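What TrEMBL records for this protein:
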{"type": "DOMAIN", "residues": "38-542", "note": "domain 'Major facilitator superfamily (MFS) profile'"}
{"type": "REGION", "residues": "1-20", "note": "region 'Disordered'"}
{"type": "TRANSMEM", "residues": "39-63", "note": "transmembrane segment"}
{"type": "TRANSMEM", "residues": "83-104", "note": "transmembrane segment"}
{"type": "TRANSMEM", "residues": "116-132", "note": "transmembrane segment"}
{"type": "TRANSMEM", "residues": "138-155", "note": "transmembrane segment"}
{"type": "TRANSMEM", "residues": "175-198", "note": "transmembrane segment"}
{"type": "TRANSMEM", "residues": "231-253", "note": "transmembrane segment"}
{"type": "TRANSMEM", "residues": "334-359", "note": "transmembrane segment"}
{"type": "TRANSMEM", "residues": "371-404", "note": "transmembrane segment"}
{"type": "TRANSMEM", "residues": "416-434", "note": "transmembrane segment"}
{"type": "TRANSMEM", "residues": "492-511", "note": "transmembrane segment"}
{"type": "TRANSMEM", "residues": "517-536", "note": "transmembrane segment"}
Amino acid sequence: MRRIQASRESDTRIDQPKQEALRSDEQVRWRDLPNKDQLFIIALCRLSAPLSNVCLLPYVFYLVRSVLSPSEDGTPDDDAGRIAQYSGLLVAAFPLAQFTLSLSWGRLSDRYGRRLSIIGGLCVSILANIGFGLSRSIGALLFWRALAGFGNANVGLMRTATAETVKERKYYTKAFLITPLVFKPGMVVTLALSGYLAEPVKNLPWLFGPHGIWNTTENSKGVEWALQYPYALPPFMTAVILGIPWILAVLGLKETLPGRESYSDIGLRVGAAIFRFIKHLSPSDKKHGYTVVGTEEETSSEGAESYDEKLEPVAVIEEKQDSLAFRKVWTRKAVCSLVSFGLLPLHNSAFMHIFPVYLSSPEADNNDSTLFAFTGGLGLGSASVGLWLSVFGVCGILLQLFIYPRLQARLGARGVFRIALFVFPITYAAVPYLSLITDGSSLRWFILGLVACSQIMARTIAIPSTVILLTQAAPSKKVLGTIHGGGHMLASLARAVGPALGGYVFAVGVQHGVVGLVWWFYLFTIAVCALAWSYFMDTDNVQ
């Protein structure tokens with residue numbers, strides 16, 4: 001009896017700090033976050049992967065159609081099926097390349113630091129976007145997409161750097177929200193502009209058309225290079241945008257790897273000199289942002305002590321160890337969170353590819369349709385697709401800013417995550433029935449907005465929840481890079497399989513007159529499996 005009572009008292013002492021940390025989430029305000037300048041730079045660097053990945057979504061249907069020769073005696077549905085297959089491979093090349101290097105990036109950053117990995121990845125991403133814009137064959141497009149994936153295989157270590165920057169778990173919710181709150185507006189603008197910048201002679205005739213301002217050669221069809229490379233401007237725009245965080249990272253991104261926080265190189269020294277010069281020119285700002293830079297080390301050390309004392313009873317022992325054995329990193333809790341982390345992009349990435357293709361696919365005559373046997377898309381152009389996707393992105397930003405923190409504080413990461421998992425299957429089941437609603441009907445656009453916003457809402461609250469759950473599943477702070485590297489590796493594989501398999505099922509469906517096949521047979525099924533798995537997750541008992 002005494003042993004049982006002692007065990008219960010021990011469990012209570014271990015659980016109490018966690019309960020206090022959870023209660024403190026409600027009290028943390030945005031202004032309480034430590035090292036905001038570093039979090040902002042990391043968030044800007046995090047733009048690389050989503051922008052490089054989603055930039056082509058508004059025009060991917062038309063890009064693939066432009067480099068594929070039409071099939072002989074093919075129907076519009078047959079051509080749409082081929083385009084869906086090839087576009088699925090094109091979308092999948094990026095995360096597949098990420099998958100091959102994600103774990104290596106994590107282990108490398110655990111040994112040599114986060115800064116060099118982040119800066120190098122941005123360089124590769126910028127180069128790959130430029131090459132993609134100049135490509136006019138499927139093979140070249142696949143190569144540059146894969147190279148962009150290699151450069152963006154470091155997403156996991158950026159999440160690790162975020163956790164290491166704030167130190168204490170009570171800051172996790174808002175710290176992990178900063179990244180999507182920064183890159184989501186970037187994605188919204190990129191999606192909208194990508195749709196309009198694609199085929200600029202058609203979408204921006206006043207600039208690139210026969211009588212456009214930049215048609216200096218007075219070509220009768222428009223600006224010559226825009227006709228030769230009609231889809232070059234969107235990736236060029238992405239490359240320019242990514243140049244900004246690259247410069248900021250070179251000049252100001254500090255190392256966060258435990259034990260190497262004092263690391264400095266020529267980039268940081270030049271950046272410090274520039275900041276001192278700016279400070280000298282603006283003496284009135286002396287008491288504002290620059291005082292934070294001078295106290296980061298003190299703040300970091302205090303945060304580390306608080307983290308150790310409040311949240312990790314075993315952290316004192318862990319500090320004496322150089323690292324955990326690789327097999328000991330993957331505890332039951334970590335593996336369960338990892339599987340859930342991978343199931344989400346398995347259907348979400350497929351949706352992000354299939355949905356724009358479905359919107360762009362030609363409409364069909366469904367007079368003889370049945371409840372399940374009908375086909376056709378909505379026939380939208382690239383500019384319209386980009387506009388719709390950007391509107392949905394705005395909805396996601398508002399939800400993440402005003403709804404998610406309150407839900408997470410009240411229900412916890414796992415509770416919020418499960419709500420999202422209930423929404424996904426309902427949304428996927430409803431989407432294909434848009435094909436049966438009369439073209440131009442206000443009902444069609446209302447239902448389109450409803451189902452898309454539902455998916456965006458679910459995705460918005462699910463993604464940060466999986467990141468928090470995976471971070472909390474790490475058995476030690478020293479292996480956060482490995483945990484997130486493994487998570488990103490699995491998620492990258494899922495993001496590769498999802499679009500490729502989804503594109504194939506979409507093609508089979510439209511060729512057999514069942515456009516809903518991919519929505520019901522694939523997306524709905526995976527979403528239900530993810531929901532079921534959430535009930536097997538154990539986020540409380542650490543092994």
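Cβ coordinates are placed from backbone N, Cα and C, and glycine is handled just like the others.
Segment contact is absent for the transmembrane segment (231-253) and the transmembrane segment (138-155), given fewer than three CB pairs below 8 angstroms at sequence separation of 6 or more. Ranked by the number of CB pairs under 8 Å to the transmembrane segment (492-511), the listed stretches 39-63, 83-104, 116-132, 175-198, 517-536 are led by 83-104. With a threshold of 8 Å between CB atoms, the same-chain residues lying at least 6 positions outside the transmembrane segment (334-359) that come near it are 54, 57-58, 60-61, 80, 83-84, 87-88, 91, 95, 377-378, 380, 384-385, 388-389, 417, 424, 428, 431-432, 452, 455, 459, 462-463, 466-467, 469-470, 472-475, 483, 486-487, 490-491, 493-495, 497-499, 501-503, 506, 515, 518-519, 522-523, 526-527, 529-530, 533-534, 536-539. Along the domain 'Major facilitator superfamily (MFS) profile' (38-542), the predicted structure has mean pLDDT 82. Cβ atoms under 8 Å from those of the transmembrane segment (83-104) belong to residues 49, 52-53, 56-57, 60-61, 63-65, 68, 138, 141-142, 145-150, 152-156, 345, 349, 352-354, 357, 361, 482, 485-486, 488-504, 506-507, 510 of the same chain, restricted to positions at least 6 beyond its ends.
The transmembrane segment (138-155) is not in contact with the transmembrane segment (175-198), judged by fewer than 3 CB-CB distances under 8 Å for residue pairs 6 or more apart in sequence.
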